[in-house]
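Report on the structure given below.
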Amino acid sequence: MKPDDCLNNIHIETENLDEVDLTKLTGEAHSLSNGIVPPFTDKTFRKATSFKQKCATYVLALRPWSFSASLIPVALGTAIAYRSGGSLDLLLFVVCAVAVLAVHGAGNLVNTYYDFSKGIDHKKSDDRTLVDHILEPQDVVRFGVFLYTLGCLCAACLYFISKLKLEHLALIYFGGLSSSFLYTGGIGFKYVALGDLVILITFGPLAVMFAHAVQVGYLAVTPLLYAVPLALSTEAILHSNNTRDMESDRQAGIVTLAILVGPMFSYMLYNLLVFLPYLIFSILATRYTISMALPLLTIPLAFSLERQFRSQNFNKIPQRTAKLNLLVGLFYVFGIVLAPAGSLP
């Protein structure tokens, strides 16, 4: 064989290899142009999407629309401390808010777990986290334990960065934590018509006193009095929820205040809880400072809720009542912050 023939053979083989490689590359490019994602990319995308959906599911299980009931008392207690002392520690406020939110969220999960275990939640319930198998019971338990642990860690941080005595901090914080669990777990205050009392105390005076004490370093009675209108507004959220679920709760064999008093008195009680705070704000505005009249701006929404409740259209009424609670609370906090020094009792 001549040297030229060898060179020709080598050239031909090289061309064949190039043809194979080009065919493979062309095929892969064609697949990508048709939207076919390589396997490793598809798996990564699915994992990322699944993680986002899981996070969204956990957030929804917390019922975030109800968090105004715990955030506003913390803001109110902090505002009272600021108005009385003239100083505000933002770090204390943030840690306190996270601690209270963690306990509130954990309490919501405990409520979800026990309502499902007792057969109270069903396909038409507002909370179908476990009914629709969005989460498994063990997922709810683990998430609840995590939130209670987070709350305790925040309480420990407050001990080191606040001047409040340990016994006072533990008394208020663990009192609130116990209430959030025993509302449906353990004793189950919700099931024996005592849930309204627990909510009235925990998400009113107790939370406001806790936030105030963390800022000033001691316990005081004054925040308890300021907490009354906010506590009534917060209780209206629970009462509207219990009135809506009256029939299903009765069939499940549990007793709530709404069941005890009946539809007519439930309507009257709801009006009392919604409108009595406005009377208190009017008295504060006329006797002390006009800034206390700010919450009166929400009266149109209150009358809208009254009409909806009277027509027995309970669709989304707990959420709308929570919105009213948020607005009333925010205007109340602004009213205290804007009040002239020494004008408040």
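Placement of Cβ uses the backbone N, Cα and C atoms for every residue, glycine included.
Per Swiss-Prot, the feature transmembrane segment maps to 60-80 (among others).
Packing against the transmembrane segment (90-110) from elsewhere in the chain are residues 61-63, 66-67, 69-71, 73-75, 78, 140-141, 143-144, 147-148, 150-151, 154-155, 157-158, 161-162, 173, 176-177, 179-181, 183-185, 203, 207, 210-211, 214-215: each is 6 or more residues past its ends and has a CB under 8 Å from a CB in it. Residues or ranges marked as transmembrane segment in Swiss-Prot: 90-110 (among others).
Among the features that Swiss-Prot reports, transmembrane segment is placed at 141-161 (among others), with the record citing sequence analysis.
Sequence annotations record features per position, and here Swiss-Prot assigns transmembrane segment to 169-189 (among others) based on sequence analysis. Packing against the transmembrane segment (169-189) from elsewhere in the chain are residues 99-100, 103-104, 106-107, 110-111, 113-115, 148, 151-152, 155, 158-159, 162, 195, 197-199, 201-202, 206-207, 209-210, 213-214, 219: each is 6 or more residues past its ends and has a CB under 8 Å from a CB in it.
The annotation transmembrane segment is assigned in Swiss-Prot to 213-233 (among others) on the grounds of sequence analysis.
Positions annotated as transmembrane segment by Swiss-Prot: 251-273 (among others).
What Swiss-Prot records for 285-305 (among others) is transmembrane segment.
The transmembrane segment feature in Swiss-Prot is assigned to 324-344 (among others).
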Could you pull out which residues elsewhere in the chain have a CB under 8 Å from any CB of the transmembrane segment (141-161), counting only those six or more residues past its ends?
58, 61, 91-92, 95-96, 98-100, 102-103, 105-106, 109-110, 113, 135, 169-170, 173, 177, 214
With Cβ distances under 8 Å as the criterion, find the stretch in 60-80, 251-273, 324-344 that has the most pairs with the transmembrane segment (285-305).
324-344
